[in-house]
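This report concerns only the one structure given below.
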Amino acid sequence: MKRAEAIISIYPDGHKKAAVIPLLDLAQRQIGNWLPISAMHEVARLLEMPRMRVYEVATFYTMYMRSPVGKYHVQICTTTPCWLRGSDEIMAAIQSKLGIKVGETTKDGLFTLSEVECLGACVNAPMVQINDNYYEDLEVNDMNGILDALAQGKEPKAGPYNGRFASEPKSGLTSLTTPPPGPGFMVRDDL
């Protein structure tokens with residue numbers, strides 16, 4: 001409750017309802033990666049807003065799970081950039097490795113597979129999000145290794161798997177390769 005109160009206190013009087021998204025996220029994390037209706041009702045009570053308004057937010061955003069998911073929620077992007085770069089092969093590898101289809105959870109409760117819309121890492125396609133981590137520039141072997149590591153309780157390296165840093169080109173930087181000039185550079189004297 002202290003954490004919820006701290007979140008609510010960030011918002012000015014008259015705007016406490018804006019805390020609905022972070023409170024739903026907090027509830028989902030505390031419960032174990034999903035958001036039961038009772039948690040939505042509690043958020044509504046805390047924010048003094050109609051239950052339906054909280055439910056509308058929780059059903060609009062795909063980050064809120066309204067049914068239990070596995071310990072590792074594997075969300076694979078299959079929109080155009082990821083699809084062009086091989087998300088179908090990554091999806092097939094995940095399904096084969098885990099023995100589940102989209103929307104299913106493994107019998108041991110470790111993995112749930114979801115197909116999602118763009119997660120905003122198109123330059124690093126194909127990619128998956130597992131819980132809070134992005135795994136990018138994936139090949140089938142990379143995906144299998146990530147799933148193996150998670151199954152063994154290990155934390156695989158997040159980020160690109162093709163050797164580059166973040167979203168930089170594999171060949172290295174192509175712009176901004178020198179320190180920027182100081183203030184006043186290229187400023188007209190007559191201004």
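A Cβ is built for glycine as well, from the same backbone N, Cα and C atoms used for every other residue.
Please treat TrEMBL annotations as automatic predictions, because they have not gone through curation.
Sequence annotations record features per position, and here TrEMBL assigns [2Fe-2S] cluster binding site to CYS77, CYS82, CYS118, CYS122. The Cβ neighbour count for CYS118 ([2Fe-2S] cluster binding site), using a 10 Å radius and every protein chain shown, is 14.
With DSSP states grouped into helix (H, G, I), strand (E, B) and coil, the region 'Disordered' (158-191) comes out at 0 helix, 2 strand, 32 coil. Annotation source TrEMBL lists region 'Disordered' at 158-191.
When each of the binding-site residues CYS77, CYS82, CYS122 is scored by how many other Cβ atoms sit within 10 Å of its Cβ, CYS122 comes out lowest. Secondary structure at CYS77 ([2Fe-2S] cluster binding site), taken from DSSP and collapsed to helix, strand or coil, is strand.
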